[in-house]
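Everything on this sheet refers to the single structure shown next.
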Amino acid sequence: MEMSSDKMNSVKETFIRIDDENSRTSKTEINILCFDITNYSQLTQFLCCSIFVFIFYLAYGYFLELIFAKPEVKPVSLYITLVQFMITMLLSYGESWIRNPIKRKVPLKTYAVLAALTLGTMSFSNLALSYLNYPTQLIFKSCKLIPVMIGSIIIMRKRYSFLDYVAAIVMCVGLTMFTLADSSTSPNFDLIGVLVISLALLCDAIIGNVQEKAMKQYQASNNEVVFYSYAIACVYLVCITGFSGILVDGFAYCAETPVEMYRNIFLLSLSGYMGLQAVLTLVRICGATVAVTVTTMRKALSIIISFLLFSKPFVFQYVWSGSLVVLAIYINHYSKKHPHYVPASLSSCWQQIRNYYDSEYRYLKMKTKMYTDTV
């Protein structure tokens, strides 16, 4: 028994109408921390995320410098990092308990690598504050592009655009000038700090690629990656601090002013965790370029606040060298939208060089052939 064409068309129209209604009513849920902001306009969502980023990361920078800038913290910095990791792990678990339970999708061996890289970037960054000013540490952390490009060229044989190389050169110049300014004005400057923060930068450059690959390959959530990375890193830190004696020394140091120390570490961990969640939500709403713009402005404001709240000498060289780093960040992100951009004058000059090279090559090849035929 065949169904009439009119009836078939009406059934198709019904299905299409139902699908359209479902696509209109179903929206991707957008949360910032535990607040649902799905039904707000995109501008309101952007403003909420930006305010959260500024508030929590400015607080994070303040507590980071307040805790780790003291010279006596240097021997026990790993213990404080251990407490910070434990609090971050508990915050991640608490959020999953409120929203969705954590179900592990990524293999434990991948998390073992992620935990080691997380431990490296956080512990080296914290330790660097015992040797460098916070603005210098922050400038170094903004220059992740340099080790990423070097590693990709050597390991992956990757080719970059003209603007990427310009950004790397400008970033190197700005970073060098900022470091020279810090070395000439800061009494606490130490070249060991440059080495330590460079190691943190190297770990930070690698961890992004490993995290991205794991999350795409296994469809893992941000909360899962954060929880397991910090949980396994805590195991590493307990072993390291236990065998080295830092665990006992750090506990004794914090026991001198327990309320103040553990309160500051808790606020450091809380502000860092909330700031990270706000950035991830901002990336989902507006994309990576907008998120980088907001975080770059936040870093600039963090440097200004650091000079205002913590007594440190200031020279104008900080301003223009920091501006070079900011310019390099924007050039790098501009190159992602225009990967084949080359200035017309430079392209014309390069074409003339290639034409000259080709003509000379053809001439030499012809002369070589004539000489060979004669002989």
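Backbone N, Cα and C atoms are what each Cβ position is placed from, and that goes for glycine too.
Any TrEMBL annotation is an automated prediction that lacks curation.
TrEMBL has this to say about the protein:
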TRANSMEM  46-64  transmembrane segment
TRANSMEM  76-98  transmembrane segment
TRANSMEM  110-132  transmembrane segment
TRANSMEM  138-155  transmembrane segment
TRANSMEM  162-181  transmembrane segment
TRANSMEM  187-207  transmembrane segment
TRANSMEM  227-253  transmembrane segment
TRANSMEM  315-331  transmembrane segment
Please work out whether the transmembrane segment (110-132) lies in contact with the transmembrane segment (162-181), by counting C-beta pairs under 8 angstroms that are 6 or more apart in sequence and asking whether there are at least 3.
no
Positions whose Cβ lies under 8 angstroms from the transmembrane segment (227-253), at least six residues beyond its ends:
72-73, 75-76, 78-82, 85-86, 88-89, 92-93, 96, 102, 104, 106, 108, 111-112, 114-116, 118-119, 122-123, 261
Restricting to the same chain and to residues at least six past its boundaries, which positions have a Cβ under 8 Å from a Cβ of the transmembrane segment (162-181)?
135-136, 139-140, 143, 145-146, 149, 194, 315, 317-318, 320-325, 327-329, 331-332, 334-335, 338-339, 341-342, 346
